[in-house]
Amino acid sequence: MDELPTTPEAANHASTETVLKRAGIDPTPLRLAVIQVLAREGRALPAGDILALVQDQHRANKVTLYRILDLFVEKGLARRHSSGDRALRYCLEPGSAGRPHCHAYCLRCGRMECLPGVEGVVDMAALGPALAMEVVAVEVRIDGVCAACRRKPSVPETPVDAGSGNS
Ligand SMILES: [Zn+2]
Ligand SMILES: [Zn+2]
């Protein structure tokens, strides 16, 4: 008999546990905490941010966290992204494996949002034949400045050379 989860938290817990088990991963409390953070945030997070969020409820250190993240990536549950800065970011691979999704990366604050599938951006069906290649993965990252950063008064990133002749 299936017990029906009664709260969103319980439902979330039940589904993430199933996701881990299906991937052949033993659902330890810490692994569940990590996957729940990723599921809740819905964006790609640097490992340091994931650690901080997990540490709200669990004792965890960076080494353990990286081991869990590596395991998730290896099992196809999560994706690892490099970006403009040095921090690797991780997000959940939604749905079944092999359905890539896009990312929008803010060059100012480093926020990396997960976007829906790449179908609207990349013609997956045509890509393989066009490249004469068996396409295994597609990475699409759109770089820009996010809405929150655009609302802030902008700090010029490269000084404009206009005031040099002022007296
Ligand atoms: Zn931003
Ligand atoms: Zn993502």
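The backbone N, Cα and C atoms fix where each Cβ goes, glycine too.
The DSSP secondary structure for C149 (Zn(2+) binding site) is helix. Other Cβ atoms within 10 Å of the Cβ of C149 (Zn(2+) binding site) number 16 in total over all chains. Residues or ranges marked as Zn(2+) binding site in TrEMBL: C106, C109, C146, C149.
When other Cβ atoms within 10 Å of the Cβ of C146 (Zn(2+) binding site) are tallied across all protein chains shown, the result is 17. One residue stands out among the binding-site residues C106, C109 for having the most other Cβ atoms within 10 Å of its Cβ: C106.
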